[in-house]
Each structure stands twice: as structure tokens, then as C-alpha cells.
Amino acid sequence: MSSHALLVLFGSQTGSAQDTAERIGRQAQRRHMRVRVEALDSYNVANLISESLVVFVCATTGQGDPPDNMKKFWRFLFRKSLPADSLCRLDCAVLGLGDSSYPKFNFVAKKLHKRLLLLGANMLLPVGLADDQHDLGDPWLISFWQKTLSLYPPPAGLAPLREEEKLPPRYVFHFLDEVPDKQTEHLQTPPTPLQPFPARVVFNQRVTHPSHFQDVRHIELDITGSNIQYSAGDVVMMRPCNAAEDVEQFCQLLKLDPERYFTLTPTDSIPARLPQPCSVRFLVEQFLDISAVPRRSFFEVLATFASNELERDKLLEFSSAQGQDALHSYCNRPRRTALEVLADFPHTTVELSIDYLLDLFPEIQPRSFSIASSLLQHPNRIQILVAVVKYKSMLFKPRKGLCSSWLASLDPSTGDVYVPLWVKKGSLSFPQDPDTPVIMVGPGTGVAPFRSAIQERAAQGKMANVLFFGCRSESKDFYCRSEWEEKVQAGQMILVTAFSRDQVRHFNMIHLQEEKIYVQHRVKEQSKLLWDLIAKKNAFFYIAGSAKQMPASVCDALKEVFQKEGGMSENQAQEMLDAMEKAKRFQSETWS
């Protein structure tokens, strides 16, 4: 093993950057290099001055923001007090993972690269700008290893291990002969990702018409005794469980007894969420992400177990840079799950060693939902609106969203059911001044944070609330209708609706296309009201919902309002919108 050590630090939101960081870690091991792979926020950033070789792998989220697990690191690194030469002994490189269809493509990686240069670091390569749509950083990684191995050569006479050779597993499983005594857990307050609060499901109601294609649930959770406080715009976090039939199939494929217990070694780096001892059921049901679409590294590890020639060739193809289009067609396009892949490669699955489960499967990631209620109207409660994800792909079995399907299955009428959860600050914040009007555009489940805001503001006596709500049909998916009508009657809000499929239908397809009415059309129609509120009364403007065309269409409609009512040019309208965004008077929270 080389005396040189590589540190790979990642900032990852969806798991892509973590997956790439772990791939780099395995590449280092194959080159006989000591390596550590860590999330940026779990690393003590003060130690950076004493590192010699570091690779940063980072994603970009939202509007060019760093991922959640590198926010502390980001704040530290951009402190003005840091000396200009503080990283002068560091050799490092930055690989960004992004999506070139977004305007702020790899913004975080570019900014990090610049900042490291300013702090005196020696950058081994230009910043790597990998694109989810095309390359996964392979050309950049080839250059990185050429440069690194010229500066940090491996021990003489040691050739790199081949890709198909097994690396040692991160952990070794030790099965116990007896079932251990149940541990009693002490709940932390307030709840955290490691110690979430088990909130009882109070109700779980479908709020779309039975004939409507989309099942949307209104779910209420009891947080009595949790010490959770939240305000409008905050989000509730939860980790879903794998479906019982998937757990059963997984255990059958790998010949595992779900009721057996095990411990892991080495003990110093065991994932904090895994109890010791741990049952196979807990591991498979609550920890391993077996129903996610597997990433490239899954096939890299799986290939090392293949002795069947046909299966090995296919797995090696999916692991290679050249095979990424084939992998995309096999996995990503039809949304094939890791569990289904194991079933497709039966000879390899039979040979899989249990010790490699934590190398093969990532941990189930927490999901976030905008809170759709206010503690001022619903004390000790959190309410959410959940669209249940279910659709057909080319595969026989319908595709299901892990978290939304799990939540939809929780039926409080059969006995007490619980959702372990915690709360974190959201990206939306609302004005304190009681006279400042608030304009909210929230089609579909995008209305959730605005229901929270309207309940909170109405309870505080803030009545200047305008909501634009859009859905397909007034009779099928008009969420919270009676509540909005009551609040309009009480003078607590103005409601503007758009029902895209309720217009008169023409047989001519061209007319049919034109006659769909969306929230952006209503924004243009209400130009006088909006201009008065924004230009004369300093209103705040919010958008929440699906990140497809809606946010851009609403922004365009708003700029048309500025041009029409304010006599502005296109450029001036854009400048006004930019100024509002800078002053936090324009905010958006969108999801894909």
C-alpha cells in the first residue's frame, strides 16, 4: 500500500456525487493508495490545512445552491477571515456533477474551484464539469489519475488491480445465534435525522375524485410531545420503508433469514442509523435502497462476483464508460430497480457475498415534503399533501414511488401507525410586516406551503393574501376547496383559479391546445391587481410546484404584467424581477 493518502470529499443531494466519490475511492484502492471517502459536512474542515491530496466531488442544487451535506463546509470556506495562503500545501481537484439543461450548470463546483485557488491550493486540473445528460466525468478522471500518479507514484513493482478483481468489503457481517434483548431508545428533542420522532398518523385521506388518474393524499400526523416547532415554508423530512413483498423477495434471492441478527466490523465507521446488533429485516426494510434505480457503481461491484460469462460481459459493459448508453436503456429509461436487476442476473446474485451489501446498496435517502398546515390553526399537528407516484414503463410491473406508496399504505383505521420524522427550515420565508401583501402561485400539490402560510398569516391577522391555484378540473383535483371558500368569505384571502381541462372542448386539436387555461394565463389577466400590490404596496411573490414549464411560464407572465402596467421594456421588466429576487421579494420552490 502506498504511503500517500487520498481524501475524497463529496457534497451530494440525490446520491450521484456520493456514488462518483465512492467510485473514485475504489479506483484509488485498485491503485494501492490509502483512501477515505466522506461527506463534506461530516469532515472536520479545520483539518484541511494538513491534508496533502484531496478530490472534491460536488453537485449543484436548486438555484445554484450547495447540497445539504456541504452547507457547513461552504460557510466555513467562504469566511473572509481565512488567510490567502492557508491551503498552500494542498494538492487538490474539483469534479462537479450537474445537468446542462439547468441555467446554473455546475455552479457550486466552479465557485469552489475559484475559492480553493484564492486560498492558495495547488489545483491539479481545471475544474471537471461532468454532465448527467452525457458524460459522468470519465475523461476528467483519466486525466486526474495520470496527474496524481505522476506526483504520487505507487510502490515500485505494484500494478493496479484489474476492474473485475474484488476489493475487500467495507464491513464484515457476524451473525448471532440468539436474538438479543430489545434496546430501549431515548428520544432526543428536538428530533434529528438520527433520532426522528415517531408521529402517529391521524388521518390519510384521498383528496382527488375516485375517477381521477392521480391519487393525492391529505395526511395528518400527531407531533404531541416532540418539541417540534415550525413556521410557514418549512419542510418535514422522513425516510420511507421498502415494501414488504420487496423485502421478502430480496431475502429469498440472497437466501437470508430476515429474523436473524448480526453485528458488523470494523466498528469505528458503522453507519450511525444501523443499530448494533441489527436484524436482517431492519437492514433490508429500513436501510438498503433496494427499490432505487441502481447507479453505475452497483454494476461495478456486482461484476466482480460474476462467474457466468454472459452475465459478467453484460455487467462489465454496464460498468464501462462506453456502456453508459446501454445502461441508460436497460436501467434509467424503464426505471428498473436494483432488486429487479438482481433477479435478472441470477447466477451472479447467488454468488454475492453478504459482506458486500453495504458496498452494493446505498442508504435510503430522506424525502422532504412542504408542510401544508400551521401550528396556529392545527396545534401539535403536521399536515402534508402527497401525490402518490405510480406509472407504467416498458416493464410489466407498474413503477411506484417508494415514499409516496409507503405513506399511502399507512392506514390508521387498522391500528396505530407511525411515521418517524423531523423538520427543517425550507427555502421560502414570508414577510413579518402585517401590511405587506403576499402573492402565491401554487398549482397542484405546489399549494401545500401556501396553505401553511395562509393559515399562519390569517391567525396573525395578516389578510393581504392572494392565491393562484391551478389544477385539471374543478370537480376532480381542487384541493382544500371548502377551506379556501371559507377564508375568502372571511376576507382573509383572494383566490384566483385555473382549471386546465374544464374549458369547452373543440374537435379541432389546435383549438384544444389553445384553450387549456393555466395559472400563468390568470397572472396576466390579473395584471392591474398584481401591479398595484407589487409596485405600490411592496408585495412578495412566490411560486411553488413542479419544475417543468410552469415556473418559467409564470415568470414570463409576471414580466408581461410589468411591461403592460408599468410601461417597461423587456429588459427593464427582467431587471425589476431580478431586483425583487435579490431582495427576497420573489421566491420559488420547485421540484422535479
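Backbone N, Cα and C atoms are what each Cβ position is placed from, and that goes for glycine too.
According to TrEMBL, the protein has these features:
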type: BINDING; residues: 59-62, 97-106, D132; note: FMN binding site
type: BINDING; residues: R335, R367, S368, F369, S370, G401, L402, C403, S404, W591; note: FAD binding site
type: BINDING; residues: T445, S500, R501, K516, I517, Y518, V519, Q520; note: NADP(+) binding site
type: DOMAIN; residues: 6-150; note: domain 'Flavodoxin-like'
type: DOMAIN; residues: 194-431; note: domain 'FAD-binding FR-type'
type: SIGNAL; residues: 1-17; note: signal peptide
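Structure coloured by features recorded in TrEMBL.
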{"residue": "T61", "record": "FMN binding site", "Cβ within 10 Å": "21"}
{"residue": "D99", "record": "FMN binding site", "Cβ within 10 Å": "15"}
{"residue": "R335", "record": "FAD binding site", "Cβ within 10 Å": "15"}
{"residue": "S368", "record": "FAD binding site", "Cβ within 10 Å": "17"}
{"residue": "S370", "record": "FAD binding site", "Cβ within 10 Å": "27"}
{"residue": "S404", "record": "FAD binding site", "Cβ within 10 Å": "20"}
{"residue": "S500", "record": "NADP(+) binding site", "Cβ within 10 Å": "16"}
{"residue": "I517", "record": "NADP(+) binding site", "Cβ within 10 Å": "17"}
{"residue": "V519", "record": "NADP(+) binding site", "Cβ within 10 Å": "25"}
{"residue": "Q520", "record": "NADP(+) binding site", "Cβ within 10 Å": "24"}
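Nearest neighbour of T445 (NADP(+) binding site) by Cα distance, taken over the binding-site residues A59, D99, S368, S370, L402: S370. With a cut-off of 8 Å between Cβ atoms, the residues of this chain six or more beyond the signal peptide (1-17) that come close are 24-25, 28, 31-40, 43, 51-59, 61, 66-70, 73-74, 97, 108, 132, 148, 152, 154-155, 292, 295, 362, 365. Max Cα-Cα distance over the annotated NADP(+) binders (T445, S500, R501, K516, I517, Y518, V519, Q520) is 19 Å. Taking CA atoms as the reference points, F105 (FMN binding site) and Q520 (NADP(+) binding site) are 26 Å apart.
The Cβ neighbour count for R501 (NADP(+) binding site), using a 10 Å radius over every protein chain in view, is 15.
Least crowded of the binding-site residues (A59, L97, L402), judged by neighbouring Cβ atoms within 10 Å of its own Cβ: L402. For I517 (NADP(+) binding site) paired with S370 (FAD binding site), the C-alpha to C-alpha distance reads 26 Å.
The Cβ of Y518 (NADP(+) binding site) lies under 8 Å from the Cβ of P443, G470, A498, S500, M550, S553, each on the same chain and at least six residues away in sequence. With respect to their backbone Cα atoms, R335 (FAD binding site) and D99 (FMN binding site) stand 19 Å from each other.
A separation of roughly 22 Å, to the nearest angstrom, links the Cα atoms of S370 (FAD binding site) and Q520 (NADP(+) binding site).
For the domain 'FAD-binding FR-type' (194-431), the model's pLDDT averages out at 95. Across the residues annotated as binding FAD (R335, R367, S368, F369, S370, G401, L402, C403, S404, W591), the widest Cα-Cα separation comes to 25 Å. A straight line from the CA of S404 (FAD binding site) to the CA of A59 (FMN binding site) spans 25 Å. Using Cα positions, the member of the binding-site residues R501, K516, Q520 nearest to T61 (FMN binding site) is identified as Q520.
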